[in-house]
Amino acid sequence: MGKKRTKGKSVPEKASSESTEPMCRHLRKGLEQGNLKKALVNVEWNICQDCKTDNKVKDKSEEEAEDPSVWLCLKCGHQGCGRDSQEQHALKHYTTPRSEPHYLVLSLDNWSVWCYKCDEEIKYCSSNRLGQVVDYVRKQAGRITSKPAEKNNGHIELENKKLEKESKNEQEREKSESMAKENIPLDSASQITVKGLSNLGNTCFFNAVMQNLSQTPVLRELLKEVKMSGTIVKIEPPDLALTEPLEVNLEPPGPLTLAMSQFLNEMQENKKRIVTPKELFSQVCKKATRFKGYQQQDSQELLRYLLDGMRAEEHQRVSKGILKAFGNSTEKLDEEVKNKVKDYEKKKAIPSFVDRIFGGELTSTIMCDDCRTVSLVHESFLDLSLPVLDDQSGKKNINDKNVKKTMEEEDKDSEEEKDDSYMKTRSDVPSGTSKHTQKKAKKQAKKQAKNQRRQQKIQERFLHFNEICTTNYTEDNDHEAETALPGEGEVDTEFNRGSQEELTQTELCANQKDVNGQEEMIESAADERKCPEHPEVKSVSTESDLGSLTSAPECPRDLNGAFLEERTSGELDITNGLKNLTLNAAVDPDEISIEILNDSHSPALKVYEVMNEDPETAFCTLANREAFSTDECSIQHCLYQFTRNEKLQDANKLLCEVCTRRQCNGPKANIKGERKHVYTNAKKQMLVSLAPPVLTLHLKRFQQAGFNLRKVNKHIKFPEILDLAPFCTLKCKNVAEESTRVLYSLYGVVEHSGTMRSGHYTAYAKERTASCHLSNLVLHGDIPQDCEMESTKGQWFHISDTHVQAVPITKVLNSQAYLLFYERIL
């Protein structure tokens, strides 16, 4: 009778009208209130029933340390450990064949309801049937406590405290013994603590990253500065006529930054062994809704969204402060004030705390084989995504295959293959396991091909317009312009005032994904003679299959002309730039220079410049790199592949602007004034030109094979001390003069174990004394010297959500690393 009464009940109309969320269709079959009331009499709460029976022979304190989340079946009242545990008894209970399925479970940690059949959370309110059942369970669990429950809970709490004390004392004893062996003084003020993190529902990918960020003490130091109220900063004026800097009063930081600061303080100061990062995770989900829904996600993508979100909040603070400094609201701004604000924002005198800690710079060097002109492209990064070659696939390196393509292939097929291989090799392939991620990969390939076609059409129109401008202007002023190319290795251009024929640019429009994995449409220019008041942010492709530079002569622009800016949405607004082009702007050659910007506003800034660089040293590094060309199973070899020297030839030839001008001015010049573009063979190499204080390396284990994703389980060796010098330019910044070493010490690892469909993220973190040299480098810009290398001793811990265990360094080095965190020591 009880069962019939329960099934006959319907959801009240009031509840259905109040709830805006769609109700689960398995609610009627998965909910049995009568069975629940019987099962919840004299029951031990928050303990897995199956683990309790299976673990009689196991050590009790060991199980207490793991503390898995417990889920209550709403059909029969069974309590089982969740998906984040090793046994997953709650999931096994659901998959057990029965006459009536047990779909619904209730979390005894956060009181959320989950449907295994729908594989999603069910929303409820207190007025409907599900909400009433949850309220009843919460009362029975002791939220509204009865006297016998108080006694029972008090007894359990006493036992837990005893076990906690014993395990804590044992850990401290082991820790002190290991420290005594290594002769490290225990200093509570400078020591970094290691704690467990509660799993909020398939959030191990989040916990593993947070464990490593919590072991970055310089991040906590900078966040303390950011949180200081009434912070006043000074920004140098962009106009040289103005001598006094602009004083900007910054607002309080954004919610994500505040949540991050609060989390780091809890990890350092909280006396509890386990921290629940609920507020920080909710702020991340607000910035990126893809992390909602308790599905397994990718750790590297989480790190990217987290750092980019905090950086965006910092830039917003500065922009609002500049507006307030001009005494204007954001609603009404005249054009003059808007231009001033933009000029100050482009000055970028205040790098965000994210860039100060994790920010580095890559320089792509391209040299024409004919005229030996060297051009440099600077690109900022927060982490490096390194390719992992799979021996089992039996495929050659995709980049090498693209370089060796011949002109005999059809253009359409060649472009499709280049786009496809580009996504496989150097882009950050989404590594989630959900169907959403796979669909996103398909859309990405289609979008890239579409953008490529659109860019070709825009480029053709732009070429046609500029050829008309150049031809008309050349007929009148051809006798006034003269260009001298004195010799190989350098470009020396002579100007006559008022002659603007030689003010040409090389335009590159390429649809690519940058080193940080963010797709963008990039306009790249090599303008040797541009105005310092309007330096343009430019970029060039970082892939060998995009090595064919496409150039166009451009009419000189007025000093007040609009910029063709790099758009984050990938759209190149070329119309506005063409409206402001003029033909008679006189420019003084002495005032023209190339300016290298350190932009922190875009995730991956790229600056293009033509250098009078010595071709013999343009591709040299701080240290020898050839020793890493053979060992394919090491992180050094991955860096070697990432920074290897490439040949741009055949279908990937370079459109050289210098060779094009030389041919136009030579005896074979076209009488009609038409420019015939010259494509030449070239060399290209990407190296680190700014060593970041904290180096983050991402091993691309999740790779795209067609429309599917696969994981490369190959073990990659990584050292405890990494020398980045073989992969740095000779003029690398943040490196002491005449130094041939750039040393980093490993302090954190994110490991992914399992397969694409069923895996788990864990972290290895190093408890150590905070580095003084790293703090001085980040806070004051003091470059570490050779004689000042610090000790790298410390204790390693393996953290799997709430479980923390001390491990030797050998276990860390044998792990299947997915993310590596290195801190600068020299």
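Along the chain as shown, the residues are counted starting at 1.
Any Cβ shown, glycine's included, is placed from N, Cα and C.
What Swiss-Prot records for 22-141 is zinc finger.
A coil conformation is recorded for H26 (Zn(2+) 1 binding site) in the three-state DSSP classification, outside any helix or strand. Annotation comment: Swiss-Prot describes C24, H26, C115, C118 as Zn(2+) 1 binding site.
Sequence-distant neighbours of C48 (Zn(2+) 2 binding site) (same chain, 6+ residues apart, CB-CB distance under 8 A): P68, V70, Q79, G80, C81, S85, E87, H89, A90. What Swiss-Prot records for C48, C51, C81, H89 is Zn(2+) 2 binding site, and it gives sequence analysis as the kind of evidence.
Per Swiss-Prot, the feature Zn(2+) 3 binding site maps to C73, C76, H93, H102; the stated evidence is sequence analysis. Using a 10 Å radius centred on the Cβ of C73 (Zn(2+) 3 binding site) and all shown protein chains, the other Cβ atoms total 23. C73 (Zn(2+) 3 binding site) falls within a strand when secondary structure is assigned with DSSP.
Classification of K139 (SUMO2 cross-link) by DSSP places it within a helix. Swiss-Prot lists K139 with the feature SUMO2 cross-link.
The compositional bias 'Basic and acidic residues' feature in Swiss-Prot is assigned to 148-180 (among others).
According to Swiss-Prot, the feature phosphoserine maps to S188 (among others).
The annotation compositional bias 'Basic and acidic residues' is assigned in Swiss-Prot to 392-407 (among others).
Taken from Swiss-Prot, the feature compositional bias 'Acidic residues' covers 408-419.
Per Swiss-Prot, the feature phosphoserine maps to S414 (among others).
The feature compositional bias 'Basic residues' is assigned by Swiss-Prot to 436-456.
Swiss-Prot lists 526-537 (among others) with the feature compositional bias 'Basic and acidic residues'.
Residues or ranges marked as compositional bias 'Polar residues' by Swiss-Prot: 539-551.
The secondary structure of H760 (active site, proton acceptor), as reduced to three states from DSSP, is extended strand. Remark: H760 (active site, proton acceptor) has C204, H752, S753, G754, S800 as non-local neighbours, by Cβ distance under 8 Å and separation of at least 6 in sequence. Under the heading active site, proton acceptor, Swiss-Prot lists H760.
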Mean per-residue pLDDT computed across the zinc finger (22-141): 79
Separation of alpha carbons, K139 (SUMO2 cross-link) and C76 (Zn(2+) 3 binding site) (Å): 18
Densest Cβ neighbourhood among C51, C81, C115 (binding-site residues), 10 Å radius: C81
Spatial neighbour of H26 (Zn(2+) 1 binding site) that is closest, considering only the recorded positions C51, C73, H93, H102, K139 and their CA atoms: H102
Cα-proximity to C118 (Zn(2+) 1 binding site), 10 Å cut-off, over recorded positions H93, H102, K139: none
Number of Cβ atoms other than its own within 10 Å, given for H26 (Zn(2+) 1 binding site): 16
Cα-Cα distance linking K139 (SUMO2 cross-link) and C73 (Zn(2+) 3 binding site), given in Å to the nearest integer: 16
